Amino acid sequence: MHAPTMHTATTYASLSGLPAAQQPYWPDEAVLEEVERELAALPALTTEDEAVDLMRGMELVARRSALLVQGGDCAERFHEAVPELVRQKVDTLQGLAAIMRAGSRSPTVAVSRIAGQYGKPRSSPFETEDSGRRMPSYCGDAVNDPEFDPTARIPDPRRLVTAYECSTLVLSELRRSWSGRPILERVYASHELLLMPYERPLVREGARGAYSGSAHFGWIGERTRRADGAHIALARTVHNPVGVKLGPTVSPEDAVELSRTLNPEGVPGRLTFIVRFGAKEVDRLLPPVVDAVAREGAPVVWLCDPMHGNGVRVRGHKTRLIEPMRAEVASFIRVLHARGQWPGGLHLELTPDPVTECVSERDEEPSFTDYRSTCDPRLNPEQSADMVSHFLSLL
Ligand code: PEP
Ligand code: MN
């Protein structure tokens, strides 16, 4: 029996004293502390001005004058931090943003899951291989290695520094892609604000107050959004635009509390709710949440993540079916329109590679011949473009 890589219960982050869910069992506290000091001494990855530029775009989305497409890998890999692959990812997302601009005649902000999407929350501390072998879960390249080997799964704090180094390389390529583009048409970098020993040392003091120097936009995941937890406290501390995933366990009161906590001044564009209820639940759960936030909360950007509430297993593969994802997008737009709210856009897991990770109900014998993701299944370029067109056709 191997030790799990994650704490199963909520634990207390040494730095903040607040409960921080989904933190790995770092085996060596002394190395971890050294890593935190090292990260604190390194330059911020992103600048405050870049975050403020993105905030301007997010504000337009909140004011119904623009749309947003956010997308990329579920889990980035260190070895993919090379110019050619980064360019492909950026071009793929820019292609989707171009479809949105053309189809809606609205400016469209593009936010990539890139340059830091190296830590993964997991529903279970163990995962099981097809052969039935059980192993501590892979928690992202910033924590451990996906190889099916118990030693590879031991969390290594030095990986947090590698995550920083890879993010530097990715961001320099990303910034290269900005040249000649108006500020609104760049691709900005985002990831889940998950790993406290990585995120906290990268909170920096800017001219306008504390900001996250790890990303332009960061979001708090479905498993770490408790109102009194360390992750929400981190998001509250920084003035970047931030998001929170809302899944089936969120109550309308929780959503109102989050909007008040994270956006007490009601700044349009500051807060995005990324909803991922699943096709079966969205019609029942989304309306009371939207109503409560509209009535009692601050302005928010509403984004639809049709991926994370629609996971299924087909012939032993973790996949997502296209049809329920399309149904969730349609419900999302219908619910928001019925309430006079603006469906701000999509949050997708996608890749430039021609993978067969997500499949259609119509495929009689879905063949997962090209399955590369180490975590969740992603849309290939054709599937992503179809999803964006579907969104536009209902807007
Ligand atoms: C993710 O976006 O990869 C993720 C884990 O999402 P969620 O927090 O919505 O489950
Ligand atoms: Mn995912």
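Placed from the backbone N, Cα and C atoms, the Cβ positions cover glycine too.
Note that TrEMBL annotation is computational and uncurated.
Here is what TrEMBL records for this protein:
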- Cys74, His308, Glu349, Asp376: Mn(2+) binding site (BINDING)
- Arg113, Glu222, Arg223, Lys245, Arg276: phosphoenolpyruvate binding site (BINDING)
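Among the binding-site residues Cys74, Arg113, Arg276, Asp376, residues whose Cβ is positioned under 6 Å from ligand 2 are identified as Cys74, Asp376.
In this view, Glu222 (phosphoenolpyruvate binding site) is surrounded by 21 other Cβ atoms within 10 Å of its Cβ, with every protein chain counted. For Arg276 (phosphoenolpyruvate binding site) paired with His308 (Mn(2+) binding site), the C-alpha to C-alpha distance reads 6 Å. Taking CA atoms as the reference points, Asp376 (Mn(2+) binding site) and Lys245 (phosphoenolpyruvate binding site) are 16 Å apart. Taking the Cα of Glu349 (Mn(2+) binding site) as the reference point, the closest of the binding-site residues Arg113, Glu222, Arg223, Lys245 is Arg113. The two recorded residues, Arg223 (phosphoenolpyruvate binding site) and His308 (Mn(2+) binding site), show a Cα separation of 12 Å. In this structure, the C-alpha atom of His308 (Mn(2+) binding site) lies 10 angstrom from that of Glu222 (phosphoenolpyruvate binding site). Mapped onto three states, the DSSP output places Asp376 (Mn(2+) binding site) in coil. A straight line from the CA of Lys245 (phosphoenolpyruvate binding site) to the CA of Cys74 (Mn(2+) binding site) spans 14 Å. Following the DSSP three-state reduction, the secondary structure of Glu349 (Mn(2+) binding site) is strand.
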